[in-house]
Amino acid sequence: MKYLRENKPIWHALVWVAIYVVLVNVGDFVASQLPVAVWATCFLLGCLSITLIIYLKQTNQAEFYGVKRPQAGTLPLALYLVPLFAIAFLQYAKGLDSKLDTSIIVIDFLLVTCVGFIEELLFRGFLFKAILKKGNLNKAIFISGITFGIGHIVNLARGYSFSDQLIQIVVAIAIGIVLAYCVALTGSIIMGVVFHALFNLSGTLTNHETVLDTYIVFAMLVVLIPYVLFMRNRLARVQAQVATA
């Protein structure tokens, strides 16, 4: 991994993404075959999370990839994510799933925490920094965001319909771009990890009904599309202030 990280950073990111995708699908397959193995995906992603933490510690790259508090003086910029966090709770308007029990909630909480950390590190950490090294900031923001969204196409193998998947990809791209802007503004992926976990948790614990899901998705897009433009302008102003300082 050292050679890839130092010489081919994009491949370094993609190798980790491939490992993640394989583990998710292996875990889901095991869970589908053995009812007692509902923890399979959670366990595998927990192991991957620990592996990544150890990897960052051993290579002394945690701060470089944004696993740190927001940079001094940039925390107010993170407040621009308040509308995004509101989206994370919007799904609760559909009501909680009546089939929930304590064990399911615990599994879901652990799973979304691992997924939030892993995906933010891989896409807004590894991939974002890799593209930034090869190109400019805007390219890193949009390519990492679009790649993050398109990466959700693997969910077709998890039983999602094509139309549902297409909608999810569009929303994921918009969210990915906004979160990349947050990293560009604050230098940290932590806010993104928290949002990511909360967003996935709300989607996991709530009811799923086609009409309501459609309304929720369109409500998200109404917020996200202009929000991307807003964050773009905000970053441009910050860059201009830095350039003239």
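Numbers run from 1 along the shown chain.
Heads up, the Cβ atoms here are built off N, Cα and C, so glycines get one too.
With a cut-off of 8 Å between Cβ atoms, the residues of this chain six or more beyond the transmembrane segment (12-30) that come close are 1, 4-5, 37, 40-45, 48, 52, 118-119, 122-123, 126-127, 130, 151, 154, 157-158. If you look up TrEMBL, you'll see 12-30 (among others) marked as transmembrane segment.
Counting only same-chain residues 6+ beyond the ends of the transmembrane segment (36-56), those with a CB under 8 A from a CB of the stretch are 1, 16, 19-20, 23-24, 26-28, 30, 62, 65, 67, 107, 110-111, 114-115, 117-118, 121. As annotated by TrEMBL, transmembrane segment applies to 36-56 (among others).
Marked as transmembrane segment by TrEMBL: 77-93 (among others).
For 105-128 (among others), the entry in TrEMBL reads transmembrane segment.
If you look up TrEMBL, you'll see 106-201 marked as domain 'CAAX prenyl protease 2/Lysostaphin resistance protein A-like'.
For 140-160 (among others), the entry in TrEMBL reads transmembrane segment.
Per TrEMBL, the feature transmembrane segment maps to 166-199 (among others).
When Cβ-Cβ distances below 8 Å are used as the criterion, the transmembrane segment (211-230) is approached by residues 80, 83-84, 86-87, 90-91, 93-94, 164, 167, 170-171, 174-175, 177-178, 181 of the same chain, each at least six residues removed from its ends. Taken from TrEMBL, the feature transmembrane segment applies to 211-230 (among others).
Per-residue pLDDT, averaged over the domain 'CAAX prenyl protease 2/Lysostaphin resistance protein A-like' (106-201), rounds to 87.
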